[in-house]
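These notes concern the structure reproduced below.
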């Protein structure tokens, strides 16, 4: 019963969205309709809704073999319609506009992040790639989900460390003697490990991340100042228009009085 109710609601809302799409495109015209990003979002959701229904019917009738995962993904993507609430929430919309405007600067910082992670991941594989965790050599944080055995896992581990998640335990695991033959040859691991992690934490958490936040805050402050200045300018324009209308009305009244005085003198 619940599945039938949800399917019925799916059909009803799809029809409502399609009717809304038709009314708007008839009222505004195709060119004007698709200029608005919110209308583009509506059109995308309508296509997803109709497409998911058609694909589901074709799958049930065995017309074309369709992966059910694709249908579920199309259904889930329709939740993007909730983004239309951003059109009402002016504060969130201003914040998103600010983030979009700062994307070029954040992109440069993102490239610096990538270089930092790339360098430290390569060093991590070289320094700690031989660490093994087993019953004889227990580890508190390094496991199959966080290790430096290959470059990919090293990147994921560094991302976890950059968030501050149990990074001190990972560093503690790297301080132990891993392989005697390897340690005898490179006996500086216990010395360089704290330096490695401290430098990475300082660079990732306290420098680059704070720079990103500072860029966003500066841009948001500039955006708020521009909005405030525009409001003041609009208020000043409205005041000037009001004063001008008052002056024009006063002149009209004076002209009316002058005409009456002239008419009175003429009658005399």
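Every residue, even glycine, has its Cβ placed from backbone N, Cα and C.
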From 69-88, 89-108, 109-128, the residue range that TrEMBL assigns the feature transmembrane segment: 109-128
Candidates 9-26, 38-55, 195-217; stretch with most C-beta pairs under 8 Å toward the transmembrane segment (109-128): 195-217
Long-range environment of the transmembrane segment (9-26) - Cβ separation under 8 angstroms, sequence gap at least 6: 33, 39, 42-43, 45-46, 49-50, 53
Long-range Cβ neighbours of the transmembrane segment (195-217) (under 8 Å; 6 or more residues past either end): 98-99, 102, 105-106, 109, 112-113, 116, 120, 123-124, 127, 158, 161-162, 164, 167, 170-171, 174
